[in-house]
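Visitor: Have a look at the structure that comes next, please.
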Amino acid sequence: MSAWIWEAVRICFLGLVDLFFEYRFLKKMCGAKYRCTFIWFYLGSFIYGYANRTFTLAGTTLGNFIYLSLCGLVLNMLLFHGSTVKKIFFTLWMYCAPEIAFCAVFPLIHAAAAADGSGYCSERVLSAAGFAVCLVQYLMMEILQRKLHLLRRDFSEKDAFYLMYIIVFIYAAVTLVLDLFTGIGEWAEGTLFPTALCCSLIAAAGTGLHLFCVIMLERRLLERLAEQQYAMLSSHLESAGEQYEQLRKMRHDMKNHGLCLARLLADGRTEEAVHYLEELDIRADQGQSAVQTGSAYADALLNPKYQQARKLGIDISIRMSAPGEDRLAAADLCCILANALDNAVEACERGSHAGAPAGWIRIRSRTHPNYWMLEIRNSIHEPVAVEQGRIRSSKRRHFRQQPAYGVGLQNIRSVVDRYEGVMEVESETEFSLNIMLPVASR
């Protein structure tokens, strides 16, 4: 077999391995939209990469980077879930990582070639450098997808753009240093290798900072999630305190009720005693759970929120059945219900503050043998723009004024994507959230 066939087999094999790790990373972080997504991912990458090599669509290093990044972004937009900002961030990160890692290796190779007088590097040495760069990228992606689970959520534009600026700046700075180093034709004695070592260390530091950017994004998401959980826990504790106070009052009054009934029966006033018991039954019914879904976790979550909405004057109706814990994890069920109901209550409150009539909320769900359907509708006092299943404010948005209900929808979307379900958001004359999750018995 001739040499060019072996070279073609080697290139195809390395390309297949490289795309496999990239696809595995994107599937973990974003979620694949279709079956056999890897085949479409491989074909798309092969086509635009082959077109670039054949027709030299990008003749410079910067042009090649821009062309490949844009083609990769289009492919990722078509094949994977998640917000546009998230896909842009990971596309830039994946294309910058190998370039920065290569800048950490190449100065030493170039210095060795310049020192022996040849002035160029052999194909074998460059292939070895490329292989080392790929290993660095695979290691970084493996660390991220194993350790940083929160990156599977959608993150805010502020965090994403801030870190994209840093990543692009690192890439531009390291590439500039490499171009300056390789552009020098003559070196003073004893300066070549120290300079090459400094350039490699700068690029290595850039690689570490490159990885640190993503770790920092994970920390920001963790802090935001902790703040949201703290607010939710405070609300639950307040509701639990109100229920405890109500039970304490009932226990305190029970003795007096018993004495009153005993006196009525002792005096032979049976009809009045029966009427008194009926009034006690009505009070007891008012103290019982208004929402019963078949899940103790859902009941414990929804009943306090139901009472809170009633106190705010909201016309709320809940008729739902929840799947068992063996079909849908209790934490995921509560995440969906808590965020969705909080968003609906907040929307009704905003309408009341704006002078609109009292709002309403309708929650319906059905459990089927293989899937669970949930529909939550609520009134809105002004149109709400929805883009790719995410709420976009009609007013000018500042980075420090991110709406809380957008974060809630992101949390719901992360659960839906994890179960490979379907989520639809509509907003015309009312706001509607529809979810379908495959929840067959595990």
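Quick reminder: no glycine exception, Cβ is built from N, Cα and C everywhere.
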Visitor: Name the residue range among 9-32, 57-80 that TrEMBL annotates as transmembrane segment.
Guide: 57-80
Visitor: Using Cβ atoms only, state whether the transmembrane segment (193-217) and the transmembrane segment (57-80) have three or more pairs under 8 Å that are 6 or more apart in sequence.
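Guide: No, the stretches stay apart by this measure.
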Visitor: Can you tell me which recorded stretch out of 34-51, 57-80, 162-181 has the most Cβ pairs within less than 8 Å of the transmembrane segment (92-113)?
Guide: 162-181
Visitor: Based on Cβ pairs under 8 Å, which of the stretches 34-51, 125-141, 162-181 lies most in contact with the transmembrane segment (57-80)?
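Guide: Answer is 34-51, with the largest number of Cβ pairs below 8 Å.
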